[in-house]
Amino acid sequence: MTIAFYPGSFDPMTNGHLDVLIQALNVASKVIVAVGIHPGKAPLFSFDERAALISRALSETLPGEAARVEVVSFDNLVVDAARQHGAHLLLRGLRDGTDLDYEMQMAGMNRQMAPDIQTVFLPAGTSSRPITATLVRQIAAMGGNVDAFVPKAVLEALNAKLKR
């Protein structure tokens with residue numbers, strides 16, 4: 001069984017994240033979506049909320065694939081968390097050259113620390129390239145329409161959280 005580890009903050013999950021997750025299911029038997037918990041950061045959604053939104057978005061988009069996805073939290077090094085879950089693939093989505101430069105540096109460091117874990121880059125689809133969770137939060141907080149950038153479940157949760 002090929003287990004892939006897909007880390008991120010997913011605050012909130014965007015269509016870009018979902019695009020990468022769908023691609024990941026084509027290269028791995030199981031995908032661990034790992035929500036990073038960072039002390040000092042104040043996320044919009046709690047871990048439990050993010051986990052539920054990821055699961056709902058996946059079930060709305062690919063019903064029947066939920067059994068192949070597990071959502072976990074982690075607060076340690078990505079490679080250590082991947083090992084704890086038996087993953088040998090580390091998945092990273094790429095939107096542009098800036099992402100590539102950063103992710104290549106991270107992949108090199110991860111390779112030094114964990115030569116048994118291979119980083120796999122998955123390119124974002126054309127429609128999801130400009131999307132970031134930070135921009136989604138900012139646009140939504142200012143009353144903008146983000147329905148083209150997030151799954152339906154996330155849109156509903158954003159509207160409820162921001163009382164719109």
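Here the Cβ of each residue, glycine as well, is placed from N, Cα and C on the backbone.
Pulled from Swiss-Prot, these are the features on record:
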{"type": "BINDING", "residues": "Ser9, Phe10, His17, Gly93, Leu94, Arg95, Glu103, Ser128, Arg129, Pro130, Ile131, Thr132, Ala133, Thr134", "note": "ATP binding site"}
{"type": "BINDING", "residues": "Ser9, Lys41, Val78, Arg92", "note": "substrate binding site"}
{"type": "SITE", "residues": "His17", "note": "site 'Transition state stabilizer'"}
How many whole Å apart are the CA atoms of Ser9 (ATP binding site) and Lys41 (substrate binding site)? 10
Cβ-Cβ distance under 8 Å, sequence separation of 6 or more, same chain as Lys41 (substrate binding site); the residues meeting this, in order, are Ser9
Please state how far apart, in Å and to a whole number, the two most distant Cα atoms are among Ser9, Lys41, Val78, Arg92, the recorded substrate-binding residues. 21
Could you check which of the binding-site residues (His17, Arg129, Ile131, Ala133) sits closest to Arg92 (substrate binding site), going Cα to Cα? His17
Sequence-distant neighbours of Ile131 (ATP binding site) in its chain (C-beta under 8 A, six or more apart): Thr14, Asn15, Gly16, Arg95, Ala124, Phe149
The one of His17, Arg92, Arg129 whose CB sees the fewest other CB atoms within 10 Å, among these binding-site residues: Arg129
Of all the binding-site residues given, Val78, Leu94, Ala133, which has the fewest Cβ neighbours within 10 Å once its own Cβ is left out? Leu94
For Glu103 (ATP binding site), what residues in its own chain, 6 or more apart in sequence, show a Cβ-Cβ distance under 8 Å? Arg92, Leu94, Thr119, Phe121
Roughly how many Å lie between the Cα atoms of Val78 (substrate binding site) and Ala133 (ATP binding site), rounded to a whole value? 20
Across all the protein chains here, work out how many other Cβ atoms are within 10 Å of the Cβ of Ser9 (ATP binding site). 18
